[in-house]
Amino acid sequence: MKVLWAALLVAFLAGCQGKVEQVVEPELEPEPELHQQADWQSGQPWELALGRFWDYLRWVQTLSEQVQEELLSSQVTQELTALMDETMKELKAYKSELEEQLSPVAEETRARLSKELQAAQARLGADMEDVRSRLAQYRSEVQAMLGQSTEELRARLASHLRKLRKRLLRDVDDLQKRLAVYQAGAREGAERGVSAIRERLGPLVEQGRARAATVGSSLAGQPLQERAQAWGERLRARMEEVGSRTRDRLDEVKEQVEEVRAKLEEQAQQMRLQAEAFQARLKSWFEPLVEDMQRQWAGLVEKVQAAVGASAAPVPSDNH
């Protein structure tokens, strides 16, 4: 009997434990996009702009009453367009900055990296454009429903937005990897450029050091007065040379100024002669016309006066 009761007790406890295990829900794993978005907040300017686009898209995905209202008034698509343009502008500027640093890298390597990065950038832009197009399509479909239930449209939009967000995450991850390779190439190119400069300047620096050591050793054996006198002679010769060059240069400048002034005076004289000739030509054109108009005017005045005189003469009367 005791064995039976013990078996029943064990079965009861096992059932209770199974129910408890069914009630306990598993912990939700954090979304990977949260970690990625945290990196955007402290990254490059294009990543900061992308973070603002992502925050706004996540708010749109809630499909709250305010979101639906702004979707119908095209407010959402306008905001997304501005955020998209800002992101692509900052990304283009960052790519140009890296391209300048890639100049020491081989042309083939630079072309390959640029092509891969451009393809990743195009995918991101296309998917962002797909988000905007899908929201614009939703607005058109809702407006066409004419007050009917839009629950199915909202569910379908939410599903599309989830898929698009996953695609955007993949695009951004791929783009960041491409940019990292691009940046590594730029860093390698900069290091190569510095090494090349060192290789070129190294022999010159060594020659300068050797020359300075030679001059120092030669001057060390001379008395101080002789060294000062030698330096003074060199300085005087240098100043005379500079002064001679300066005087020659001033003479050249004076000659050029005189030549320019002579040309300007010649051109001014030519312009005066041309103006006088043009004035005389105008006078020869218009003087006959003015004289003819004066003659016509005088004839017209005489005719008018004659007509007025004839009309003012007394009319003879018929009464005798």
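The backbone N, Cα and C atoms fix where each Cβ goes, glycine too.
The phosphoserine annotation in Swiss-Prot covers SER149 and is backed by similarity to another entry. A sphere of 10 angstroms centred on the C-beta of SER149 (phosphoserine) encloses 8 other C-beta atoms.
What Swiss-Prot records for 82-258 is region '8 X 22 AA approximate tandem repeats'.
Look at Swiss-Prot and you will find 160-170 tagged as region 'LDL and other lipoprotein receptors binding', backed by similarity to another entry.
Residues annotated as region 'Lipid-binding and lipoprotein association' in Swiss-Prot, with similarity to another entry given as evidence: 212-293.
Taken from Swiss-Prot, the feature region 'Homooligomerization' applies to 269-320, supported by similarity to another entry. Across the region 'Homooligomerization' (269-320), mean pLDDT in this model comes to 79.
Taken from Swiss-Prot, the feature region 'Specificity for association with VLDL' covers 281-293.
The repeat '2' annotation in Swiss-Prot covers 104-125.
Counting same-chain residues at least six beyond the ends of the repeat '3' (126-147), those with a Cβ under 8 angstroms from any Cβ of the stretch are 53, 57, 60, 68, 71-72, 74, 76-77, 80-81, 84, 87-88, 153, 157, 160-161, 164, 167-168, 171. If you look up Swiss-Prot, you'll see 126-147 marked as repeat '3'.
Taken from Swiss-Prot, the feature repeat '4' covers 148-169.
The feature repeat '5' is assigned by Swiss-Prot to 170-191.
The feature repeat '6' is assigned by Swiss-Prot to 192-213.
Taken from Swiss-Prot, the feature repeat '8' covers 237-258.
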Across the repeat '2' (104-125), DSSP labelling yields 19 helix, 0 strand, 3 coil
